[in-house]
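Single-structure report; data block below.
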């Protein structure tokens, strides 16, 4: 209880973080609710999209806790060495601080979503919705905490947490239906907490008495498809229809959370990731110099003849105090032999005064010292040295660079295996293709942004110190931070694209180069946004919260769910300002919507499209649903470049005029 109380107090004292989370969860709930306001349950892609995005957001909202976990781990290592408490008590205290905060987020977010989106007006369905979201969010809290336990620092832990979240997104059964998964990775679908949560909520909504009917809105589903209305629509995503899966979903997520917290206990007890520290003992020099004590040698008492003799120590102390003396020298002189005359000397110093109080203080009659330049080095030297420093810093931060290279390889292999040799000749296939491009765009950007926030927050303190002493111009620091990321982003994206692109069924060197370029530009957008947040916001925790918010907005309005054609008129301005929207339309238009020749993907005709009468070409379907057009490539590319320029200008202004250091 003591540890739980302490952890709760520590969490509550972080007022900026808590206020940020409260505002974030409220704003995102209002955004989601207004985007899907009173949606039609017959539009199953939107209906399941609401459920999927709700579970996804609450899972992503656990990632800002990661820096706090690492801070708590450092304290735990010190106190566990002293046997203050068992490891299990520490883990339970973390759990006790996780549950109230997660419960608050779930109630606020879930209530707003439930009311605005027009979900089933039933107390039972509402409670089910909240309980499933809570258990799903806790499962990811347990995963993130467990990852913290075995990773050396946040540069490694943050990308791994996002990779796990990516697995949850890809294998939830929404981006790609369960029936589209290759047989060798179906087990990931059954391991994913989001898939269990989405299945449970979908069944509770579509199998409710309101939608589990034979005839709905004039359509006899039982007669035409031998299914109720609810069963018919959720079958598009290969979701089971038995109500027992609701309880299974809650039990699985809670068991998942308990298992990972238990695993975290074992890791913390058996593996410590701490480096030895050098301790320097400081002595009080003034006391040692000014006070002495003389101690006589101990002597035995001769009158004692027992076997166990007693030694009497007679200590005579004589304390001598010395008054500090200030020594001043006057008329100091210093000579050296003359190189021409052996008997003569040269006076180098004559009549100097040393040690007199006030000598170093300039006289009031002496004029102010002025320099010709604001900084000691020229602009060229500043640019060269700052640039060299950044490249060396990146080279000496392997946990940042190697981790993102490995994550890029892993993501490429993961997506490649998931969408191996995809076919785009069916409704599910073309939706899966757009979903593939969408998920790759979102998560490559999320990993880049959150990793950059941690690194930029660490170097910000030295930047403030050096700027205060006018070591260099803020522009050269900004330029170095801009240039150093370009080769790393392009190389890591190349690793991802080289694996994913051919395995996903795409081909052609020109197509590959185009895809690599667009993904690299999007990576730069996200990295530069991470730098902007790190320098504009007061702490790394608040910056990560802001990144969760902005990435959630990007994912919502990128044009996949809701699709571009379904974006409300009031949010068109936001839809038009999202860089991911332009990236998705660029790669989707170039790879899928091209019908310039008969053998292109855009010319394929698909059928059985919901709410579409008759067959339709891929080009027309992408235009009608997602607003993806091959003819808009130049416009979308130009908009992406403009957004990079705007973000860099804002970052330069923040570096120059905003200072968030604590004084």
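Yeah, the Cβs are placed from backbone N, Cα and C, and that goes for glycine too.
Per TrEMBL, the features are as follows:
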{"type": "DOMAIN", "residues": "2-206", "note": "domain 'ABC-2 type transporter transmembrane'"}
{"type": "DOMAIN", "residues": "382-586", "note": "domain 'ABC-2 type transporter transmembrane'"}
{"type": "TRANSMEM", "residues": "21-39", "note": "transmembrane segment"}
{"type": "TRANSMEM", "residues": "45-69", "note": "transmembrane segment"}
{"type": "TRANSMEM", "residues": "90-114", "note": "transmembrane segment"}
{"type": "TRANSMEM", "residues": "126-150", "note": "transmembrane segment"}
{"type": "TRANSMEM", "residues": "162-181", "note": "transmembrane segment"}
{"type": "TRANSMEM", "residues": "245-268", "note": "transmembrane segment"}
{"type": "TRANSMEM", "residues": "402-420", "note": "transmembrane segment"}
{"type": "TRANSMEM", "residues": "432-455", "note": "transmembrane segment"}
{"type": "TRANSMEM", "residues": "475-501", "note": "transmembrane segment"}
{"type": "TRANSMEM", "residues": "513-535", "note": "transmembrane segment"}
{"type": "TRANSMEM", "residues": "542-560", "note": "transmembrane segment"}
{"type": "TRANSMEM", "residues": "637-658", "note": "transmembrane segment"}
Short question: which residues 6 or more past the ends of the transmembrane segment (432-455) have a Cβ under 8 Å from it? 63, 67, 154-155, 158-159, 162-163, 165-166, 169-170, 175-177, 180, 397, 400, 403-404, 407-408, 411, 415, 418-419, 422, 424, 485, 489, 493, 496, 500, 504, 519, 522-523, 525-527, 529-531, 533-534, 540, 543-544, 547, 550-551, 554-555, 558, 560, 580, 583-584, 587-588, 591-592, 622, 626, 628
May I ask you to check whether the transmembrane segment (402-420) and the transmembrane segment (162-181) make contact, with contact taken as at least three Cβ pairs under 8 Å and only pairs 6 or more apart in sequence counted? yes
Which residues of the chain, 6 or more past the ends of the transmembrane segment (475-501), have a CB below 8 A from one of its CBs? 379, 382-383, 386-387, 389-391, 394, 401, 404-405, 408-409, 411-413, 415-416, 440, 444, 448, 452, 456, 463, 467, 511-512, 515-516, 519-520, 523-524, 527-528, 531, 648, 651-652, 655-656
If you count CB pairs under 8 A between the transmembrane segment (90-114) and each of 21-39, 45-69, 245-268, 542-560, the winner is 21-39
Leading contact stretch, 45-69, 126-150, 245-268, 513-535 vs the transmembrane segment (542-560) - CB distance under 8 Å: 45-69
I need to check the long-range neighbours of the transmembrane segment (245-268): which residues 6 or more away from its ends have a CB within less than 8 Å of a CB in the stretch? 73, 76, 80, 87-88, 90-91, 94-95, 128, 131-132, 135-136, 138-139, 141-143, 145-146, 148-150, 193, 196-197, 199-200, 203-204
Of the listed stretches 21-39, 126-150, 513-535, the one with the highest count of C-beta pairs below 8 angstroms to the transmembrane segment (45-69) is 126-150
Other than its close neighbours in sequence, what residues sit by the transmembrane segment (126-150), given a CB gap under 8 Å and a spacing of at least six beyond its ends? 54-55, 58-59, 61-63, 65-66, 69-70, 73, 94, 98-99, 102-103, 105-107, 109-111, 114, 119-120, 157, 160-161, 164-165, 168, 193-194, 196-197, 200-201, 204-205, 246, 249-250, 253-254, 256-261, 263-264, 267-268, 271, 273
